Amino acid sequence: MKKKQRTAVEPVEMLPSPSSHDEEDKNEASVKAKRSKQMEPGQEEVVYHPVKLSRNDLYRPPTAEELSQLKEAESLFHCSLLKMQMDELLKEVALGERKKQEIESYIQTITKLLQTVPDSPEVEVNDVTWLSGAVKVPFLFVPKTTKGKFHMAPPASIDLIGSFPLGTCTKPHVMVDLAVTIPADVLHPKDAINQRYARKRALYLAGLAQHLKSSSEVGTMRYSCLHGNRLRPVLLLNPPGKGPPTFSVCVHVCPPPGFFKPGRFHPQRNNIRTEWYTGLQSSQSGGSEPPTPHYNSSVLGDLLPRAHLQFLSAVSTQCPAFTDGVALLKVWLHQRNLDRGTGCFNGFLASMLLAYLLITHRISNTMTAYQLLRNGLNFLDLTVNGISLSKEPDSTAPSLAEFHDAFQLQHEASVSMEFWDNPTIDGFHCLLMTSKPMIRTSDHVFQLCDLVKLQASCKKQNLLAELMDHSGNYVQTALPFILSLLEQGLGQRIHLLTHSLSPDPEVWSVESEAPKYKAQPPLSFGVLLRPELASSVLERGPPADSPKAAEFRQLWGPRSELRRFQDGAITEAVLWEGKSMCQKRLVPKQIVTHLLQLHADIPESCVRYVGAMVDDVIKTGSEVPSTGEEESLVVVQSYDDLSRKLWRLENLPLAITAVQGAHPALRYTQVFPPQPLKLDYSFFEREKVFKALVPREGKPCPAYITPITVICHMEGSGKWPNDRVAIRHIRAAFHIRLAELLKKQHNYTSRATPAHVDVWKDGLVFRIQVAYHREPLVLRESVNAEGMLVVKDNEEAQLLEMATIHKPLLTSTLHGLQQQHPCFGAVCRLAKRWLAAQLLSDDITEDTADLLVASLFLHPAPFSAPCSPQVGFLPADYTEIKNSFMASRESLPVMFIATPKDKNLSMWTKRAPNVQMLQRAMTVAAESLKVLEHQLTDSSQTQDVRVIMRPPLDAYDVLIHLNPKQVPLLGQAVDPPAVTFSRGALTDGAAQSGGALPVIDYNPVSLFLTELREAFGDLALFFCDPYGGMVISVLWKPKAFAPAAFKTSHMCARTVKVTGAEANTVPNVEAILEDFRVMGKGLVKSVEAKTEKWSF
């Protein structure tokens, strides 16, 4: 008993006592000494003993700080785990003391080198001959010349600025900013005009690079642009050493404080003269020059870094959690790719935002980092106007120019606030741990590849003033116009149009010229669509006599035409091409290419639209391509008609209580939905007994006809027997009766079997199964030896319940989800096509895949769902499910899916996948995602998205190649062969319901796979793509090749090996491979053994 008490107390005794600091220091020194001894080789392992605490220390009341932390964890977080995750993240991104010392040492080295910059003779600004050929100037001289003198001189001062001295510098991209002040005698008060200051700044930076290049202590040097601004080049320094650099020093060149008057840089002032920029004489007076706000902001930004640092330092001393709050906000921005590139919301703006909220008392100085992040995002979500830190209402200070991307920022903040308080969502991972690149967050993405074409756009739209303001950067000049044009054209079809924050360019060598504007990567745009309007082919405009009609015609050009509608209105309208849903989804592409060609002179060949590239793997049809929506709708309509006719059948012994579909095609998720067939009777001959059709000898395998499962529930009655065999007989009788009535009342060709009745209707086959609601209960009942009735669950009852109750419910529920989210079915089809292509469809079943996709639509955090409203598909009690899951985790399957009707057992994943296959699926999915994103975003590569559908076959031991003539789904293969076969179906004419019954559910490949698994399932695993796969891959089980003791009853596919007096058996691989050929005669083309190592 005492031993138990001591064991329980000892972990608590390890906490140090704050009341005796001397003892704590001694204990710490003792522990350090023990650790140092432990590190010595040859020493015995040291056993650590817990620190003994007195009874007063052990049971002392909590301090005020501890009470505050407990209260914070209780009131602010869903659980204490979230608080611990936040704390651990802050420790992970913060710089350690050793790293800080390393950075400070390197800064001191760089500072000493910079202080020894030699003087140079005074030359013209346009003369760069004083530079050695090894260093180039990081500036594009457009125009070529400007007035002014320049010479090198030692810096007036060198100061640390930015996040490092403030304490908000975070990993992994550690950037330390160093401000080098240009001596006043190098500059002239009038250097603010015509890029004189910008050019001297770049020349001074090149002079610094030339001086540092001679030192071996500097390491690597590269140029970059501050947030993509070509007027503000910077020098990036990395310390010497092996491996990738752990931090970079960013050298900024700044004018002396107060050298330029801030009033000169008001957003409405001009500092670029048209005559100088164009080289043409202008008749305009100086007062009519256009304003240059972007240029002014660039120069003004170099005047203020020290003032900003002083301001932020003062704010951070008032709020203890300020630095941690900024760190969390920077992580949030980084995960959304909003913190780098042109127009980004960088760490500096994040710091200024929190500082603004603090000085305006929107947040309190006593708030925690968690509260600062939450209130910062809430402000971004709700704010309408820009913010200003100026206290004077008529201040000449410019507004935040970088805030032009506020719509994307506000959208991300809004999405984050939506799921912040949802206890069913892991808020920590969604907010701060999940990366959100544009390719994943946008419905459609397109790129402008040949950026030099934007020069013509600027010329056509007469954007000379804006081009001067951006100092010749035609990409940044044309971008606002293109965004405005596309937003106007796409209109109500979209929620949001955003663009990539182009690095323009990221870095380049100091020995290279500054890259041209056209050398930057393609400009990417992302679109969030409104699903109810995005695919509309009609753009209805104003009435013909409306004043807005001219504006509409000017926007759409020759595509606009007058149309008369059914309500009698005559209006301007634009009609886009699109017959199938697959084509209608690309109406935004037609709009984008048309508007860019019409108004920006950007040809369609320069627009790379990647919004629907992946759809090709599920696309069918040659004349009108389709991704399955139209075919699924035909199936659903035919099923609805059959359902109504079943309800109206007369002369049935019992009434029908429910007709439910139980097939993926009825919920729009079948990868390749069944298509109505018109049979070519010359391909078949009649079977003698049932007069059914069978293919003639020598013909290819007939077209595969999928039976569409329909569950028909009959009403309860006292006449139903309680014996399982008798119930089956009654159901068989109902099948016979249904076939007779359907033939008599509707002339449908049907065939009844004990398990179902197949109905040939509209070129489709419906497989009707009669269900009795008490049959699963009867299957669970049994009588024991004592004559007692025992109810015990068994697999037969579970399978029947799954087929007759759960699958129909799943089908109807997901059908409703499809109505809410029009692209749900297409996503399911793509996901299941990928699973099948990667040979994983036997482990992650269709139902499981559909549920996984449904969870992404209904719980999309941190992404937004493709459709705006979320429906309550999983309205179960999350806390109840989580508690039950944690209590029974060891007995539950490795993949757990909870639904309202199955909160505790995960019936959909009970049998598969196992741990190994789930791990493989996760690994392959991660690699496929990486490859797919690279394919979609990298315009320099040959586009072949099907590469993610081609599984590597090198890891398999045996490959069974199949005869394409006997593969009925050959046309659905990832890479279908050019040779096609006639399979007894006509392409012309409408399918009919009458006639002989075709060959149903006959797929030689799946039947062969079943036989292989039954015969050799203990020795190997068999994999095949069910959609036109030409290869069956075989993987030997390692344990199957362990020698086993000789037994005459266990000699199937084994051979005897005698070692001394002991006889063992091992698998006879050569005989097994021959069995593969024999069993698959006519179907198997060849058997290829990839390895001959059968021993493991």
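Each residue, glycine too, has its Cβ placed from N, Cα and C.
Marked as compositional bias 'Basic and acidic residues' by TrEMBL: 20-31.
What TrEMBL records for 176-316 (among others) is domain 'Nrap protein'.
Look at TrEMBL and you will find 321-408 (among others) tagged as domain 'Nrap protein'. Each residue in the domain 'Nrap protein' (321-408) has a pLDDT score, and their mean in this model is 77.
The domain 'Nrap protein' annotation in TrEMBL covers 440-600 (among others).
The domain 'Nrap protein' feature in TrEMBL is assigned to 615-819 (among others).
The domain 'Nrap protein' feature in TrEMBL is assigned to 821-874 (among others).
In terms of DSSP secondary structure, the domain 'Nrap protein' (876-951) contains 44 helix, 2 strand, 30 coil. As annotated by TrEMBL, domain 'Nrap protein' applies to 876-951 (among others).
According to TrEMBL, the feature domain 'Nrap protein' maps to 953-1087 (among others).
The annotation region 'Disordered' is assigned in TrEMBL to 1-44.
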Between the stretches 176-316, 615-819, 953-1087, which wins on the count of C-beta pairs under 8 angstroms to the domain 'Nrap protein' (440-600)? 176-316
Per DSSP, how many helix, strand and coil residues does the domain 'Nrap protein' (953-1087) have? 37 helix, 36 strand, 62 coil
